[in-house]
Amino acid sequence: MSGNKVEVDKRRTFAIISHPDAGKTTITEKVLLFGNALQKAGTVKGKKSGQHAKSDWMEMEKDRGISITTSVMQFPYGGALVNLLDTPGHEDFSEDTYRTLTAVDSCLMVIDSAKGVEERTIKLMEVTRLRDTPIVTFMNKLDRDIRDPIDLMDEVESVLNIACAPITWPIGSGKEFKGIYHILRDEVVLYQGGMGHTIQDRRVIKGINNPDLEKAIGSYAADLRDEMELVRGASHEFDHAAFLKGELTPVFFGTALGNFGVDHILDGIVEWAPKPLPRESDARVVMPEEEKFTGFVFKIQANMDPKHRDRVAFMRVCSGRYEQGMKMHHVRIGKDVNVSDALTFMAGDRERAEEAYPGDIIGLHNHGTIRIGDTFTQGEKFRFTGVPNFAPEMFRRIRLRDPLKQKQLLKGLVQLSEEGAVQVFRPIDTNDLIVGAVGVLQFEVVVGRLKSEYNVEAIYEGISVSTARWVYCKDERKLEEFRRKCSQNLALDGGDNLTYIAPTMVNLNLSMERYPDIEFAKTREH
């Protein structure tokens, strides 16, 4: 057990959250650069150089310059082993992001310093609040003109309801960006442009009162001293206990594109972020130091390797140790499986995992038996909780251009729904197929992937569906009566769960009044 504890103590598993275009994928690249996982960072937008960002590996992401699926990357840094989960930056992919946040122990929140707190960031912070996830904040894009840093921190505190403790402080911004002052280390790190793709030594001046500071940045030195007097009086000091409870966030400033300030964030994560945490199950709390292996699946990704048309289930290890060839118990289906070919990830590059410990993410080859939310143990029968499915907000009927490909269409849709990209509903009374999504872009992704991966050309038609609810009832007789009377509004989802498809909210409310013994659920545990 002591060997396990040593490995657990080394792990830091975190995700990056942000509003689209705040620079999340760029910062992912630079984090990997500092972790020696990349020799030269790709940049996301424009892509004239042909360097696609390493974490945006799916074809559609490369075309659009947005992160659609969750990538997992592991690298060593500062004596720790860091697992970074890159989440979709586009607002349409909140479900995938939500599930990813159930698999991490801390988050890095990236904010565009010219814009401040944006809508998507607010939503994601609400999700992290559900588990009191510790948050590290990075104020990005200092190489552009930014809002007043004190105003930015005030906004984070008032809008996101979390105290801010500045760790670094900017000196100028935009064309006048000179560098940052590291408050805890009492040193100024000078900025130099044009160093975005490689790691080079920066000039560091020790001490805010060092006369060399005037020589380096002129009148900005006196301004910095004045500003720091103000900042110290107006802001919180870093409190590790408050950070671990999700009540306070350490704030770093920098520019991901200029590769500046990223190492400070990583230093902070390694030093302060929690090691793998205990996990709730429906039977007990599972401690990471336990000897027996446990884990849960938070994502399924189809066709990570177009050459092999495979599916991989992403599993967070919660306790014990994975060893190549070990036997695992797949709790939902009650079967034991031998796993000899689990994978580790470097964003699309896959290597066979010899071993893995709590906090690590491994990939299991999935031939249709594994679903999101599945728990694996070494024999114990319990289920990890807290991996939800949300009722979709948009619906379309999907039609084939070639009616003979109905079988391939259904197979493709079921596989895409199993990986959580979209939800599929098959009405009980008709042969229609209804696709439900959280945002419009998901519909485009599904049609694109059906064509490229399943050779199926499909189109959408409008359908009068406003919302969906999963239907439950303990009384089998009442459920059967409900099925008979409301069959025109009932469908089965991709997992064959009974679902009520409501044409309007009025219709849903009337049905809920008419059938008080039936539960109409907005979310469903996987």
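The backbone N, Cα and C atoms fix where each Cβ goes, and this holds for glycine too.
Listed in Swiss-Prot:
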BINDING   18-25, 86-90, 140-143  GTP binding site
DOMAIN    9-277  domain 'tr-type G'
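Comparing the binding-site residues Asp21, Thr87 by how many other C-beta atoms lie within 10 angstroms of each C-beta, the top residue is Thr87. The secondary structure of Asp21 (GTP binding site), as reduced to three states from DSSP, is coil rather than helix or strand. Per-residue pLDDT, averaged along the domain 'tr-type G' (9-277), amounts to 84 for this model.
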